[in-house]
């Protein structure tokens with residue numbers, strides 16, 4: 001509960017946002033793209049997703065051109081497909097993988113016959 005006005009909130013984060021915005025006039029949630037100010041982190045996040053998502057730069061794989069939403073996913077893709085360090089080889093075909101889980105998925109999808 002806000003000690004200044006008595007308003008109740010579901011959690012401490014919302015209370016802090018309220019106090020910052022209403023009582024301290026501390027506008028801490030500013031969009032780095034357009035400088036618009038928001039009452040909460042959630043409002044800022046939604047704004048970025050709706051207004052600026054189309055403006056975001058996709059991270060493209062230099063080898064195959066596949067787009068990724070962030071650098072981390074691109075890095076995982078690069079290691080998995082383009083690093084040349086595949087440790088797990090398929091016994092049935094020339095395919096190679098960096099992770100056992102990928103080899104298992106490959107075996108299920110490519111080499112399992114469905115008797116339905």
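Cβ from N, Cα, C; glycine included.
Listed in TrEMBL for this protein:
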DOMAIN    1-23  domain 'C2H2-type'
DOMAIN    29-57  domain 'C2H2-type'
DOMAIN    59-87  domain 'C2H2-type'
DOMAIN    88-116  domain 'C2H2-type'
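Sequence-distant contacts of the domain 'C2H2-type' (88-116) (same chain, at least 6 residues past either end, Cβ-Cβ under 8 Å): 79-80. Confidence over the domain 'C2H2-type' (29-57), given as mean pLDDT on the 0 to 100 scale, stands at 77.
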